[in-house]
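Taken verbatim from TrEMBL:
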- 30-39: compositional bias 'Polar residues' (COMPBIAS)
- 40-50: compositional bias 'Low complexity' (COMPBIAS)
- 65-74: compositional bias 'Polar residues' (COMPBIAS)
- 1-50: region 'Disordered' (REGION)
- 63-105: region 'Disordered' (REGION)
Amino acid sequence: MRNPPDSINHLLDTLTDNPSPSLRIHFPSETVSSPGQQLSTTTSATSPSFSVSASALHNLKFPNNDLSPVSSHTSDPDDQSKPTTTISSSSTSHEDQPNLDLDTNPLTIPRFLVTTLDLDPPFPSFPVLGPILHGMQADLALSTSFTGEDNIDTEKQFIPLERDTRFNLGEDDEGEVAKYVGPSPPGWSEPHRYVCLMWQQPEGLTGDRIREEMGWGRARDGKIGAWERVRFDQGGFEERFGLGEVVAGNYFVC
């Protein structure tokens, strides 16, 4: 396997020290709420959705958006022309769940990117093909329909992520930068680790730009070649698009 970037090593170390992940991975029949949770290939066959802990967002600054009441606003008079919001996780009641009134310009709202990687192909003891890119979703936003009465982890303030449909490119738009491929480790292999990492997208970065700059084509159909998934240069990808620190993450085994 390529040398894992610091983002992966740091996430795995964090999850070892603190087994309460900041990202939950939702498949139709099961949610990955603990790091290293065992799933079957059937359970994990379809593209997952995600929810992120509000505590993972508390240091992020979001321009031109009001995420109150789960927020604290800067009061520096020098910053009046560039309003920012920092999310706080201090409240837990349903009444204090975030009311997301997002700016109408999709390039000014906080958007997120999630990649899913197999760290152990073909075998954990000899991961020469790793990591394999199993999926990539971009232009995800904090759910504007989240009222605190949803069934997803409201007591711990896990906020669902949903795709900003203002980036829909038509009937051929699958909504994924790289279409999700379910786990399929060799039958004689030990379980593989499938890690999901989430970043806040830098201003101006979109899924379409990623596809174009990676040479995956302009069509937003999620299709990329098999060899573009194998030995995916995750560290180079992060550097190329200026992703910075991982906001949240989790992993399951299969």
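Note: Cβ is positioned from N, Cα and C throughout, glycine not excepted.
Sequence-distant contacts of the compositional bias 'Polar residues' (30-39) (same chain, at least 6 residues past either end, Cβ-Cβ under 8 Å): 15, 19, 21, 24, 153, 183, 191, 193, 250-254. DSSP states for the region 'Disordered' (1-50), grouped as helix (H, G, I), strand (E, B) and coil, give 12 helix, 12 strand, 26 coil.
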